[in-house]
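K.L.:
Just dropping this structure here.
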């Protein structure tokens with residue numbers, strides 16, 4: 001059962017569900033909360049590798065996959081007044097402005113905006129589930145499948161999240177996992193481990 005707008009407001013008021021900054025009531029719609037785009041983007045650079053080998057990246061000593069991030073990607077931060085252009089065929093990572101903390105008995109579902117999708121913007125490539133016990137900003141996996149560059153601006157409404165009540169509290173929520181690699185994330189770093 002998904003939470004309706006009234007229930008979302010109650011959960012926020014009781015701090016059972018935490019969204020920072022707290023959304024105004026006009027951003028809580030029916031069964032979703034609108035999410036805004038932050039100002040951090042991770043772009044994929046041109047590189048000389050013939051392919052990406054997840055086994056190799058996963059096996060780096062001490063999971064030093066950060067070298068992969070810095071050799072093949074670059075995180076940029078723009079001001080609130082700047083624009084970011086996503087060109088056709090490009091994949092870029094970005095973040096929601098909001099940090100979200102989900103309790104152990106809820107699961108979140110991220111959706112892109114239909115009006116943006118009609119111009120070719122995919123907001124999340126595959127990962128739209130936000131696990132029970134999650135805390136942090138949500139990474140967005142933008143892809144422009146259209147024919148023209150798409151202009152993105154910090155603070156624009158980029159998608160929405162809904163919340164579904166579980167039958168009980170999870171016994172293995174995300175925040176209690178030993179390998180919760182993205183817990184409390186505030187950046188777009190790619191951490192490759194436990195893939196193979």
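Note that Cβ sites are derived from N, Cα and C of the backbone, with glycine treated the same way.
Feature table excerpt (Swiss-Prot):
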type: BINDING; residues: 113, 114, 115, 116, 117, 118, 131, 139, 140, 141, 174, 181, 185; note: dCTP binding site
type: ACT_SITE; residues: 141; note: active site, proton donor/acceptor
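I would like each feature placed in context: is it buried or exposed, what are its neighbours, and how far apart are things?
P.N.:
Cβ neighbours within 10 Å of residue 174 (dCTP binding site), excluding its own Cβ and spanning all shown chains: 18.
Sequence-distant contacts of residue 141 (active site, proton donor/acceptor), defined as residues of its own chain at least six apart whose C-beta falls under 8 angstroms from its C-beta, comprise 91, 93, 122, 123, 124, 125, 126, 127.
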K.L.:
Under DSSP, is residue 174 (dCTP binding site) part of a helix or a strand, or is it coil?
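P.N.:
DSSP assigns residue 174 (dCTP binding site) to helix.
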K.L.:
Which one of these binding-site residues, 115, 185, has the sparsest Cβ neighbourhood, judged by other Cβ atoms within 10 angstroms?
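P.N.:
Minimum Cβ neighbour count within 10 Å, taken over the binding-site residues 115, 185, occurs at 115.
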